[in-house]
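Data block below; observations after.
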Amino acid sequence: MMKFKLVSDYRPLGDQPKAIRSLVNGIKAGMREQTLLGVTGSGKTFTVANVIAEVQKPTLVISHNKTLAAQLYEEFREFFPENAVEYFVSYYDFYQPEAYIPQTDTYIDKEASINDEIDRMRHSATQSLLSRDDVIVVSSVSCIYGIGAPTDYGEFTLHLEVGSGPGREEVLEGLINMQYERNDVEFDRGQFRVRGDTVEINPIHGTPPIRIEFFGDEIDSISTVHRVTGRRIQKLDRVTIFPAKHFVIPEDRLQRAIESIEAELEERLTELRSQNKLLEAQRLEQRTRFDMEMLREMGYCQGIENYSMHLSGRKWGEKPNTLLDYFPEDFLTVIDESHVTVPQIRGMYNGDRARKDTLVEYGFRLPSARENRPLRFDEFQESVNQVIYVSATPGRYELSRSQNIVEQIIRPTGLVDPEVRIRPVKGQVDDLLSEIRRRVERGERVLVTTLTKRMAEDLTDYYSRVGVKVRYLHSEIDTLERVEIIDDLRRGEFDCLVGVNLLREGLDLPEVALVAILDADKEGFLRSETSLIQTIGRAARNVNGEVLIYAGRFTDSVMAAVETTNRRRKLQMEYNRRHGIKPRSTRRTLREEEGPLRNLKVDEIPDHELELIIKDLEAEMRDAARNLEFERAARIRDRIMSLKSN
């Protein structure tokens, strides 16, 4: 059994040792739910890593979006380089679900673009869970959506060993049943090729291709090879091949599923005709019978997931198989930013159900299509074992259910929560302008959060006209461009960033010394106690951090947020005084572009060389994206676009 081994140059400091000890004791005592209430910059991820290393349990870490999940994945990979740290998020680059709009009689077919690299990582996650114990999977809410049953996935696994069977024909049949494709020309992931008594397999999880050489009905040798040159890399005694798809179905169950679909179809057609819904009945019969024919002939059809209840042999209302079923019973779940992630998990089922109800009502799908769904919240609760909620502002749900609430208020850096000043709304724009100019003179950065997109645009325009280097961040900017804007702020290419909701990922910036919250007296989602505390935390990584709250009256949310911040600040300052700690700003490396990217002079490069450079850069960009280095990938992408335009 492999053990988790934490590798780090740091040791627990501040409140971390106490938090680690308390959480570990809670897990060992059998506590089902605990909360780590850690302020911004207190090293919550490092605390969780230490807990995992102490309790030695396979762990699922759930984040509320792909970008945050990618950041956590990178951090855990650094902490556990010798263990299996995996990434499991939706593999769609683009996804338009099937839908019907009755008001306009508009049917929208499902459209999707699958990211091959993320698909590889999903398979790597499930394979690690079925083959070893030292596994951490960082996931989005994709973990509550249906995938194939682990029993089927494991049953279709092919175990091969030198000096024994199965023979060549059995191996080929097994690969076909596992949804591998034969392709003797190309050799992509999830494909195999045959050359005489030699079979080469390119595994779905992306490890080097495997060459199997047969002598009669025995395996003579197994080795990994280079995909292009075919050169042998390493000889192996044995190897395990996992299925190319998460949905793999035995032939006998497929036939039973088709019969079950037929029975449901007849029942539903009778019901629709009795209600005089003849158009809906005709539509349903035509679509379903076509799908059934495809299943008989090909073993697959478009939208096969809508028949998942029949194909998996589940009963009506029975819980679908998800990533959680691939974990052993005694696993640990960590829900990051739980104040956002828990409501997201809770809401997935209802949103999916509403869309499916319309498709069923108008004859586009059988009623059983509703069973292709994410977990209900109660099913999710039953599926997890022990849970740690992690947040600077945990919600009522987490706090009410936790048997142990652990505060992590003291930061390892000695930084204290920023000083909060409340100022009147009248004249807020000009008052803030003078404060911004003071910070710019000191080489510091400023974040400003407004209530509306229009106000953010107008404020940016006004400050720009009076000489402030200011940019505006809005929801329509994609992830890579967002990373670039934040990097430009850190480099000092501009000094002030204005936005509506600056709580999202990637805004823990050591250079930011002032956060301004305009119109804080307007109660609502963006000015709730939780949102205000999160926004105040954006200034908590700089030793000169300060927050200005502009409010015409003291709302309950403002008072609670200020009171919480002042309480924490007092505790932190007292701790520093007792231990003689001098606070220091956090450090976060800003990745610079590589020299060759920055120094290329397009006019001096011959066309044929320019084409080669662009090809090299495109390969480098794909590598960066594959390694989840989004900042670097974005910079390379922009350089490619610049070269192409010239």
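Cβ from N, Cα, C; glycine included.
Motif 'Beta-hairpin' is the annotation Swiss-Prot gives to one range among 91-114, 451-474, 547-570, 619-642, and that range is 91-114. Neighbour density around each Cβ, counted as other Cβ atoms within 10 Å, peaks among the binding-site residues THR40, SER42, THR45 at SER42. Under 8 Å, Cβ to Cβ, and six or more positions away along its own chain, LYS44 (ATP binding site) finds LEU36, GLY38, VAL390, GLN408. Cβ neighbours within 10 Å of GLY43 (ATP binding site), excluding its own Cβ and spanning all shown chains: 22. DSSP classifies GLY38 (ATP binding site) as strand under the three-state reduction. Averaged over the motif 'Beta-hairpin' (91-114), the predicted model has a pLDDT of 73.
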